[in-house]
Amino acid sequence: MSLCTLEINISAIKNNYLLLQGICKTSLVGAAVKANGYGLGAVQISKALIKENCRYFFVATSEEGVNLRKALGLDVDILVLNGVFEHDALELIEYNLTPVLNNLKQIEIWQKFSNLKHRLLPCYLHFNTGINRLGLSSDEIEQLINDRDLLKGLDLQYIISHLAISEEIDNPYNLEQLNIFKAYLQYFPNVKASLANSGGIFLGQDYHFDLARPGAALYGLNPVMKNPVTLKAPIIHLQNLTLDSHIGYNMTFTTKRDSVIATLPLGYADGFSRNFSNQGEVFINGRSVPIVGRISMDLINIDVTDLPPLDIFLGQEAEIIGNYCTPDKIASIIGTIGYEVLTSLGSRYKRIYIE
């Protein structure tokens, strides 16, 4: 077990959920808990959100769905965003998982298993309105409109789409996608709809439809949401170095003065990117401390020379992620996004869930 502690504030996640629910008003709000709840624990987060009446949980794969179903029981809907494949269709049926069907081939597979089981099988349809990732194409949607037998045997519960640039509120592409989505929905007047991801919720009620599907905003990856994550690491080694001493692999940092250098027990094997070498920072008692030298697999060095002497001791905790250094802020240093910071968090951390 790592000496580092990853604290996940469940109350903050629940408060974020309730804030989003308040914005959505009459629309339902689900939760994207794929990639193990963005690295924070899908089961723990889902159980907490169930207490706030969340009933829709979105995962990426059937494996994620099965694990969640085993933990949560049958009282919630679990949606598999990557859809259904020949090899996992029976597993989806056994564990009451609902696939989001992304193309005619997946519809065909699900229809085949509906015939085998002699019953309707639940599904969502994903219409591609412009993100051009997953989703039925315009030609495929037209085929569905003209031949409803293509959906025979399927219990179509929702039609969804996904916004490509919802974090940019004024980007006209959002409205373009909305209008395309609405045009398709006219042909399915009795089917519920879902469009808004986290950013989409903040675009206004026109984007909310029947169900919103936030992920990032639940986990604090939005300026108005509360950060629920704190990652701390203790100082495990201290050394006094003289002027012109080299630090770390390839000697990429050289001291410009007599320095006190501390070592922390985490590295790129724990999801702390090598790109932070010589440019990241941590915080000790609210004071910024620079990272010096290369990030190693299991270790990083920090320059604590400017800290008060009483703050420099073995076991002193440094905050890697927290209110001083949120995932979004950290991500901006190395040109990535907060999603990647969270989902990269390694399995060695001691995870503590607090209310």
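Just so it is clear, glycine is given a Cβ too, placed from its N, Cα and C backbone atoms.
A C-beta separation below 8 Å, combined with a sequence spacing of at least six in one chain, links Lys34 (active site, proton acceptor) to Ala42, Phe58, Val59, Ala60, Thr61, Glu64, Leu81, Gly215. As annotated by Swiss-Prot, active site, proton acceptor applies to Lys34 (among others), with the evidence given as sequence analysis.
Annotation comment: Swiss-Prot describes Lys34 as N6-(pyridoxal phosphate)lysine, evidence class sequence analysis.
As annotated by Swiss-Prot, substrate binding site applies to Arg133, Met297, with the evidence given as sequence analysis. DSSP classifies Met297 (substrate binding site) as coil under the three-state reduction. Taking the Cβ of Met297 (substrate binding site) as centre and 10 Å as the limit, one finds 12 other Cβ atoms among all the protein chains shown.
Neighbour count (other Cβ atoms within 10 Å of the Cβ, all protein chains): 13 for Tyr249 (active site, proton acceptor). Annotation comment: Swiss-Prot describes Tyr249 (among others) as active site, proton acceptor, evidence class sequence analysis.
Around Arg133 (substrate binding site), the same-chain residues at least 6 positions away in sequence with a Cβ under 8 Å from its Cβ are His162. The two recorded residues Tyr249 (active site, proton acceptor) and Met297 (substrate binding site) have their Cα atoms spaced 11 Å from each other.
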